[in-house]
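**Student:** The structure's right below; bear with me while I get my questions together.
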């Protein structure tokens, strides 16, 4: 009475992954055990210092030019000829005033250049031009 009808000469083409899993688990255990030892093993008591908190950063003035060419300072619409005096007053209050200039991409470059010139004439040297990524 024969139970098997297959040829006994066939080659087994499957890979035995059990030894691979065993090795990987051993490596995992080794890394888990040694990982805490990799931290600084020299105990050092660092000295405490008395430091002053850094000064608060003031919000910058935001000069905006919309698609229609209207000029805004911190969301308040102003006339272009008043920009320089408005910024000079802000410079008088805070010598370290920062200005962020943002303009719609459809705005004429000449308007942006005029706004930059007004910012420069007001004595403001910290200017950032805001763009989208």
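Glycine residues also receive a Cβ, built from the backbone N, Cα and C atoms like all the rest.
Pulled the feature table from Swiss-Prot, pasting it below:
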- 1-16: topological domain 'Cytoplasmic' (TOPO_DOM)
- 17-37: transmembrane segment (TRANSMEM)
- 38-133: topological domain 'Periplasmic' (TOPO_DOM)
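Give me the structural setting of these features: burial, nearby parts and distances.
**Tutor:** On the 0 to 100 pLDDT scale, the topological domain 'Cytoplasmic' (1-16) averages 68 in the predicted structure.
Across the range of the topological domain 'Periplasmic' (38-133), the DSSP-based residue counts are 28 helix, 21 strand, 47 coil.
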